[in-house]
There are 2 protein chains.
Amino acid sequence: MESHLNDTADNTMMDLKAIAAAVNPDRLAHDLATLAKFGGRSDGGVARLALDDNDTRARRWLVEQASFLGAKASVDAIGNVFLDVPGRQPSLAPVVTGSHLDSQPAGGKYDGALGVLAGLEALRALKQAGFTPRRPLSLVSWTNEEGARFSPGTSGSAVFCGVRSLEDTRQLTDSDDISLGSALDVCLAELDGAGVPRRPLATPMHAFIELHIEQGPILERDQVPVGVVEGIQGVSWFEVTVTGSANHAGTTPRALRRDAFEGACALATALREAACDSEDRVRFTIGKFVVSPGSVNTIPDHVTFSIDVRHPDAATLKALEATFTQLAQQRWADCQATLTPLAHVEPVDFPNSLTRLLDDTAHTLEITTTRLVSGAFHDAIHLAKHCPTAMLFVPCRHGLSHHPDEHITLSDAVAGTQLLAASLANLTR
Amino acid sequence: MESHLNDTADNTMMDLKAIAAAVNPDRLAHDLATLAKFGGRSDGGVARLALDDNDTRARRWLVEQASFLGAKASVDAIGNVFLDVPGRQPSLAPVVTGSHLDSQPAGGKYDGALGVLAGLEALRALKQAGFTPRRPLSLVSWTNEEGARFSPGTSGSAVFCGVRSLEDTRQLTDSDDISLGSALDVCLAELDGAGVPRRPLATPMHAFIELHIEQGPILERDQVPVGVVEGIQGVSWFEVTVTGSANHAGTTPRALRRDAFEGACALATALREAACDSEDRVRFTIGKFVVSPGSVNTIPDHVTFSIDVRHPDAATLKALEATFTQLAQQRWADCQATLTPLAHVEPVDFPNSLTRLLDDTAHTLEITTTRLVSGAFHDAIHLAKHCPTAMLFVPCRHGLSHHPDEHITLSDAVAGTQLLAASLANLTR
């Protein structure tokens, strides 16, 4: 799967630097500001929900950028929009970049949008640097990554890659009981009207590179402009219930209590200790914790809490799950606990050949990078099943995302776009 | 305050045993069943809220019992009902027993009711045993002890003893915005119509003895039929808030987290350890614990929790409060905590002379007793400011109260009533 990536033997340092130099910061900044108006909120954020009017207007805007690139726009049955730049050998599978245009209801300007616009700017830079790719190049915007209007998200990439069926996905409904299918049909009719042709799903790809904001604090802390993403963490969700016995807070001696809060607190502490690794790679969170009956002077008889645990390594995640299961089988403050698995997603490792190519290209461009693992999900999780896939992250202020205050610096965005453009050149030569 | 209790020099073992033998289990059982019909619930519990129709009917029933005793019924301005049995020296302050007739909305048959009916049966037994008291004897039912309809509770005893004003108390409202004053006026009008005369508040008392169900598990565990109550625990309530920083569960390394749940859990554990005494006399409860925003994959930024801490000794309670305050000033999981006092009630010690008299009387009757401290509040907390006061507890099954399944055995109820009757005799000779 990885050996056919090595088309990079004849690259020269000078080409790549010329390509990077052709990335235009003002044009990228202007595009970010333009796109942020489709669904712009008065607080500076963006509300561009999947397949709403703003999302459709953003797609039309994207389609209009094709002519400058000499690219052909098309849309598939789940609404993914592609701009295809021809290569010298049109029969080869394309190298693809992109992300998503939809946002959270109180989202920011960069989550998803940056990856689409950085891809657009990278393609323009390649053209302006006079680079003619051997392979075709494509820019893609995947439908409904966020899952904020229609849940679950990553609909476009999942259907494209055959992970979910188009029919099932069309039947998702929003809070007004509108189906994804009917919203999609409105959007597709508008693109049809604009003369955008249809394209098939599941077309082959040589590689997929997605640029995204980190949505975490590591790059900012380490003052590194671009992260090379090695993979996406696996995640397991559990629900834990702890059952004790309700009693009067004033009259029940400690020796006769079965305090569900005390038990749950002790179990939560033991789980946290079990998840504590010296490398700080385990992500362990108890985010929900509900105590019943919740009266000041009644000893609680029930606690229900959530566990969200993540790790890039499947075996480590599995071992943690086993430890948690064992801990929940013990009695805590003489209370009984039960642990129920709610969800599990296996970790994804991006191929070394691809992440090494990103490292090497960054080295050529003298852009500082660091390796990291994605803590959030992305369309790349499905693409990784379809073709060699990797991601680039740029820092976001305070690690904040899904919030109107989401913020990146233009210089980081430019560095990421330069690395993306040069890497696409390396992959398509 | 205590020396004038020692009127017991001429008691003889034989009188007391005759009085105890005159307690009629069938009559007590019949009264308990009769009273449970006023507000009886289909699940076996009782809903007799303060000053509702059922409570007023129960008062009228109680007034009707006066004639058998040769007693005079009367009612004061806050609705407390008294049955006064004359003594050989009518000018002396009476010895008083009683409790309350109101219940929780899903209450049981015994909380409060037992103390009134055991007092009634004790007066009947004294009469039937041919005992003529030197001091007058009174049976009282205090208004709105529970505070379930009008909060706070212990209204009748607090107003009687001058702890709260009648005017303020009349202005309490229930959930339908009916004032205690207007509900009280309806009840008083009905008692007026039945010819029950008014009596003043704050009349002197020689002593007050209240019999009650334990509402805790100690007597049941120790298989003791009657507890001699040494006092009522002091209690302090606090609200603790812990403030951290919300972040993405998947992307934020442990080193960069300020997890309010982790901090609150650690602080709660430290508070619990600080409250852990080898004697098991401290009652420490965290009953409310609310985590925000309460999402599985978001690190919590806020936790608010309650502390209910109780101890019979005022200095120990104060020292615990100081320790809690110090602990809350530390940082927990890099989060800030604040501790706010919500309520404080000082412990009450019942006079040794009175509890010793109860012990001695039990010894004469060969009734096994143990000493204990009340974990719940009672009208006796106010009466203790008015006159020498003590309480007797009988075991309740599983320590359960404020619940339709509240249960006592008749033999324990009889033992308690026998000890109450003989103790009243000792106090009134």
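Backbone N, Cα and C atoms are what each Cβ position is placed from, and that goes for glycine too.
Heads up, TrEMBL stuff is auto-annotated, nobody curated it.
Summarising the annotation, TrEMBL assigns Zn(2+) 1 binding site to A:His100, A:Asp111, A:His212. Per TrEMBL, the feature Zn(2+) 2 binding site maps to A:Asp111, A:Glu146, A:His402. Positions annotated as domain 'Peptidase M20 dimerisation' by TrEMBL: A:232-331.
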Item to complete: Work through the binding-site residues one by one (A:His212, A:His402) and point out the residue whose CB has the fewest other CB atoms within 10 angstroms.
Response: A:His402
Worksheet item: For Zn(2+) 2, what surrounds A:Asp111, A:Glu146, A:His402 with a Cβ no more than 8 Å from their Cβ centroid?
Response: A:Ser103, A:Gln104, A:Gly107, A:Gly108, A:Gly112, A:Glu145, A:Ala148, A:Ser401
Worksheet item: At the level of the C-alpha atoms, what whole-angstrom distance separates A:His100 (Zn(2+) 1 binding site) and A:Glu146 (Zn(2+) 2 binding site)?
Response: 9
Worksheet entry | Counts by DSSP class (helix H/G/I, strand E/B, coil) across the domain 'Peptidase M20 dimerisation' (A:232-331) | 34 helix, 34 strand, 32 coil
Worksheet item: Apart from A:His100, A:Asp111, A:His212, which residues in this chain have a Cβ no more than 8 Å from the mean position of the Cβ atoms of those residues at the Zn(2+) 1 site?
Response: A:Ser99, A:Tyr110, A:Gly112, A:Ala113, A:Leu114, A:Gly115, A:Glu145, A:Ile213, A:His378
Discussion item. Measuring Cα to Cα, how far is A:Asp111 (Zn(2+) 1 binding site) from A:Glu146 (Zn(2+) 2 binding site) in Å?
Written reply: 9
Response to the item:
Filtered by Cβ under 8 Å and at least 6 apart in sequence, the residues in the chain of A:Glu146 (Zn(2+) 2 binding site) near it are A:Leu49, A:Ala50, A:His100, A:Asp102, A:Ser103, A:Gln104, A:Gly107, A:Asp111, A:Gly112, A:Gly153
Worksheet item: Could you tell me the C-alpha distance between A:His402 (Zn(2+) 2 binding site) and A:His212 (Zn(2+) 1 binding site) in angstrom, no decimals?
Response: 13
Worksheet item: When you tally the Cβ atoms that lie within 10 Å of each candidate's Cβ, which of the binding-site residues (A:His100, A:Asp111) has the highest tally?
Response: A:His100
Fill in: Confidence summary for the domain 'Peptidase M20 dimerisation' (A:232-331), mean pLDDT rounded
96
